[in-house]
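Quick one: the structure is below, and I'll ask about it shortly.
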Amino acid sequence: MKVVRIKEDNCVYCHLCEVACIVEHSQSKDIIKAFKREERPIARCTVEFNYPVSLSVMCRHCDDAPCMEACQNGSMHRDERGYVVVNPDTCVGCWMCVMACPYGVIKTDTRREAWGLSTKCDLCPEREIPACVEACPNEALTFEEL
């Protein structure tokens, strides 16, 4: 199984991973439309800065996954690749997974059609390499075998 490795020494706080994530999860997959003409999706990664360290924070797809334990109806589950994902069709917006996540990376969707549902990194299942990794100019994010 591959995971996103974070090399904080290489991160320069450019936020390109966030931009790539937003575009990848937009309806159009177009940067201008995603930011100016459509309801903007939530970035599933967040760049955090605490001088002198900056790094992209995203779901770790934990082996023991407290979010899956907390999910009362099984919406938070492992997909066929072994990654922890949320099914938006069955999520009821109770936010138990949000409260259980030790990394604080599960977010509440604020878009009209998905308001209140949990959202998190899904490692871009339609892509070979996640958009955030591909967009990182300094290899602060890499996609490697565990």
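Every residue, even glycine, has its Cβ placed from backbone N, Cα and C.
TrEMBL labels come from automatic prediction, so no person has curated them.
So TrEMBL says this about it:
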DOMAIN    2-31  domain '4Fe-4S ferredoxin-type'
DOMAIN    82-111  domain '4Fe-4S ferredoxin-type'
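Could you place the listed features in the three-dimensional structure?
Counting residues per DSSP class in helix, strand and coil order gives 13 helix, 5 strand, 12 coil for the domain '4Fe-4S ferredoxin-type' (2-31).
Beyond the domain '4Fe-4S ferredoxin-type' (82-111), the same-chain residues lying 6 or more positions past its ends with a Cβ under 8 Å from any Cβ of the stretch are 1, 39-42, 44-46, 57-62, 65-76, 117-123, 125.
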